[in-house]
Amino acid sequence: RIRARYPIIAAHLAPGSESRFDFQKYVNRSLEDDFKVVVGISPILWFFAVLFLLSNTHGWVAYLWLPFIPLIIILVVGTKLQVIITQLGLSIQDRGDVVKGAPVVQPGDDLFWFGRPRLVLFLIHFCLFQNAFQLAFFIWSVYEFGIKTCFHEKTEDIVRASGLVPNRDTSATQTTELSKGKLMMADTCLPTEDLVGMVVTAAHSGKRFFVDSIRYD
């Protein structure tokens, strides 16, 4: 701790003022500022959250392509950081002699894309936010509607959200046979095709069942 504190005090404070400098308070204040940047949710992240909700639409097969976006970003960012470490190592090798007390490496903005280190931080922040948002959405939908609903019609959706593979017993799935045309429910006329993938409450018995498919006789 003393070895980490002394260079900061020597570089930023006048000689003789070390006793009046509260290093712990300085570190706490710095961490609070960094915490706001790393954990804070910007309007851009909320915009991507809305796009995630809109992509969860029937027919878009989001479970096939959406999980690969954070994965590709993490692989690209990790590769870039590894390249930066390699470049810094080569720069030390090219320097030859090392002067005692001088910084061994000299990182700069030119090592990052477009000279913007914050772009890498934003991409990491984006992946963390998207993973947390998808997991929160999965937990909320299970809590509100249960595991066997139209939100989790595909097993891939559950695997994408939480890594859990449900054991769905098809023999226990309740089915219903509807006559061709319209289904009258509580003074509402609905096309039977619109009921696929929905949880329906029977008007005569009050029982709830999941409409997996429709068969016309």
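Heads up, residue numbers simply count up from 1 along the chain you see.
Positions of Cβ are set from backbone N, Cα and C atoms, glycine also.
Within the same chain, residues 62, 66, 121, 125-126, 129-130, 133-134, 137 sit at least 6 positions outside the transmembrane segment (35-55) and bring their C-beta atoms closer than 8 Å to a C-beta of that stretch. The transmembrane segment annotation in Swiss-Prot covers 35-55 (among others), and the record cites sequence analysis as its basis.
Residues or ranges marked as transmembrane segment in Swiss-Prot: 59-79 (among others).
Through the fold, the transmembrane segment (119-139) approaches residues 37-38, 41, 45, 48-49, 52-53, 69-70, 73-74, 76-77, 80-81, 112-113, 158, 160-162 of its own chain, all at least 6 residues removed from its boundaries and within a Cβ separation under 8 Å. Residues annotated as transmembrane segment in Swiss-Prot: 119-139 (among others).
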